[in-house]
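Engineer: Starting off with a structure, shown below.
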Amino acid sequence: MSLIDTGCVGQVSSVHLAALGPNTSIFNFIFQLFTFLGSATCNLLAGINLRASSVEEQRTQQHQASQLLNHALFLAVTFGVGVFFLMEAFAPKLLALMGTGPEYLKPALVYLRVRALSAPAVLILIVGQGACLGRQDATTPLRINSMAAFLNLIGDAIFTLYLGWGVGGAAWATLLSQCVAVILLVRNLTGKSTQRIEGEQDFSQAFPLKLGWYGLPTSENLGPFLALAGPLILRSVLGMTVYTLTTKGAAQFGTLSVAAHQVALQVFWTLSYFPESLSIAAQSLVARNVKTNPQRAQKVARMLLGFGGVLGVALMGVVASVHYLGSSWLTADPNVQHLVQSVTLQNMLCELLCSLALVVEGTAIAAGDFAYLPKMQFLNLGGVLLCLWITFQNNLGLGGIWWCLVFYFGFRVFFHSCYIANHWRTHVLGGGFPSSIPEEEARAFLAT
């Protein structure tokens, strides 16, 4: 949706396009903090579905799954309302922290206040998509997100272009499309019911989940979420800090630079959703098999990593095409178009490296071997800060900012490779997982 907003706003004003830059970083930073809700919901539902062996057992697990979903939605709404009030209260300070220039501060503030209304809806979508993937249903989120994107496009055409609301119109279009997506997704989760095929042992779609009041979540209910929350929140904070710093750095080189950075970053983020789908698939499929069928889990993990590499190469070509053939669709300013094209190589490399990193991290989360991720991001942040310092000292402009992002993703791939090599016998992508290790050690590993 952000890419659609960027394209429509870019046809109206470069100033309004620049206003999207700090806002995009703020919203992505905040919402990334809560991706653990989707990861936990996906993993836990996948585990519940695995254990079903009869209709009676499935009915019991339907209650467990429904309780899990309701507690996750309770957390999503609670956190979402809190985020809304905090963003409304500190909107000017958040934009000032991002280095928002005075020439585009007013439209940036309008966009932030309107988009803040969508905070509960976004977190509900994170949980709902995790629930669908945990039930091995990848098509529903795809269909609903596609429909929401289409509605967002229509809204942008009306509010941003026809009515001339600019960046404020883009915010309203995004808000309305996300609210519609929430209604459709929750309705699908709680209303979908299919008949079980005779002899089929997978009951994941046999019963719809139920919305209802299951009481406030207890410490036992919150345990699985909290187990993922710490490392993943820290990982997200450190990762989004990098994007925030690069956006703030681009703002130091002027309005045109931050406008071009917004366009290039939206192209990157939009295309990164394709490898992100492989990461989510790993979180569902590897988690489904890692303890009961580790050989299959390893096979799936390696297959997804191979797909990630191929996809990354393909996305490099897409980036080049969009930058050189489609930049005029995203901004009407030829100066901004030229700056976007100047970072094409860096954006291509980022897509390839990002594809590999996301798949590896998805398998790590699925296997429960993700405690090292915050450490990796912390070290990476230090390297990015050094790169940014070099960029400013040598006045390398937007091109230097994007080489910092190439370093960021390259270091992630390098660190993952070192970690896998050092844990070759126990890592899901290693050579000894877990069939080639001693039987007693294998049992101990699976017991964990």
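Just so it is clear, glycine is given a Cβ too, placed from its N, Cα and C backbone atoms.
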Engineer: For the annotation transmembrane segment in TrEMBL, which listed range does it cover: 26-48, 256-278, 371-393?
Structural biologist: 26-48
Engineer: Using a Cβ-Cβ cut-off of under 8 Å, list the residues of the same chain that are 6+ residues beyond the ends of the transmembrane segment (169-186) and lie near it.
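Structural biologist: Hits for the transmembrane segment (169-186): 1-2, 5, 8-9, 20, 73, 110-111, 114-115, 117-118, 121-122, 124-125, 128-129, 132, 140-141, 144-145, 147-149, 151-152, 154-156, 158-161, 163, 211.
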Engineer: Would you mind listing the long-range same-chain contacts of the transmembrane segment (304-325), meaning Cβ under 8 Å and 6+ residues beyond its ends?
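Structural biologist: Result: 264, 267-268, 271, 274-275, 278, 281-282, 285, 340-341, 343-344, 347-349, 351-356, 358-360, 362-363, 429.
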Engineer: Should anything in the same chain at least six residues away from the transmembrane segment (26-48) have a Cβ under 8 Å from its Cβ atoms, list it; otherwise answer none.
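Structural biologist: Residues packing against the transmembrane segment (26-48) from afar: 61, 64-65, 68-69, 72, 75-76, 79, 83, 87, 94-95, 98, 112, 115, 119, 122-123, 126-127, 129-131, 133-136, 224-225, 227-229, 232-233, 236-237, 239-241, 243-244, 269, 280, 283-284, 287-288, 365-366.
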